[in-house]
Amino acid sequence: MINSKLKNRNLNQVNVFNFSELFKLMKPRVMSLVIFTCAVGLLMAPSTVSTKDAMIAILLVSIGAGAAGALNMWYESDLDALMTRTCLRPIPMGKVNKNQALIFGTSLSFFSVIALDYFANTISAVLLLFTILFYVFVYTIWLKRKTPQNIVIGGAAGALPPVIGWTIATNSLSLEPITFFLIIFFWTPSHFWALSLYKSDDYKKAKIPMLPLTNGIESTKINILVYSLLMLPMVILPYAIDFVGLVFLVPALMLTLYYNILCFELYKFKINKFNPKKAKTIFGYSILYLFLIFVIFLIDKIL
């Protein structure tokens, strides 16, 4: 049970910047995924940049993503205090106040975009700015509390880091990096809806309109299965445009088919009921799945 004292903390009493807690606002685990996918996008590009410039640029992209995360926690601190999964975050715990989070997130946003324009190129900086603005204003402020399609549309922000990695190296956009975007974009719904199934009580407390609460369990299971099946054409697309070879296609299809099987097993459970263990398995596997897909991209290029 969430300690009711969390709701009554006077956050204005936090007057000193606690940098370890500010770092937590940046969602380090999300940042690590951003660093990885951005690096893959950069390494898959036909053009190259120096190792130093590449590392600086990727770091700046991760800082931009962290800034968006901090602004997300600033705006959603009221919801975070209500949910078991998020109640120990810095703002609900009273370790950082909302003004500090706002200043921190805004400052890092400006810094990361301006610095990326200087160290990389304008296209990459514009894409990073769009990512931050989309995540904060479209997903966090507009969609999150209004529609169960929040993560479908909002997933666009999380799908852009590998595209930015590509533009850092090439200073241009083409069809190839769009395949990275589509893979992450269509992966996102099944990943988060699996989480929302076994954490539905949390979302209910916070009155967040996730699909299990608005459309029911059965509809959620169907949507998870449908989006997992949509991953099949998404992993075939890079091969179809001659971006990758069979070294990518074969294992990517195998990983995706196993994902489909897991989602089908979740779907075929009793009507309007679900197996919590299976939902957790899908959520966990989806993270491993995305990581392996991007690893295979690199292996295909090396071989």
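Each Cβ is built from the backbone N, Cα and C atoms, and glycine gets one as well.
Here is what Swiss-Prot says about this protein:
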- 30-50: transmembrane segment (TRANSMEM)
- 54-74: transmembrane segment (TRANSMEM)
- 101-121: transmembrane segment (TRANSMEM)
- 123-143: transmembrane segment (TRANSMEM)
- 150-170: transmembrane segment (TRANSMEM)
- 178-198: transmembrane segment (TRANSMEM)
- 219-241: transmembrane segment (TRANSMEM)
- 245-262: transmembrane segment (TRANSMEM)
- 279-299: transmembrane segment (TRANSMEM)
**OP:** Output the single range from 150-170, 178-198, 219-241, 245-262 maximising the number of Cβ pairs under 8 Å to the transmembrane segment (279-299).
**Re:** 178-198
Original post:
Against which stretches of its own chain does the transmembrane segment (245-262) lie, if we need a Cβ under 8 Å and a gap of at least six residues from its ends?
Top reply: 190, 225, 228-229, 231-232, 235-236, 238-239, 278, 281-282, 285-286, 289, 292-293, 296-297, 299-300, 303
Original post:
Counting only residues 6+ away from its ends, which parts of the chain sit with a Cβ under 8 Å from the transmembrane segment (150-170)?
Top reply: 34, 37-49, 54, 57-58, 61, 65, 68, 120-121, 123-124, 127-128, 130-131, 134-135, 138-139, 143-144, 176-178, 180-185, 188-189, 192-193, 209-210, 294
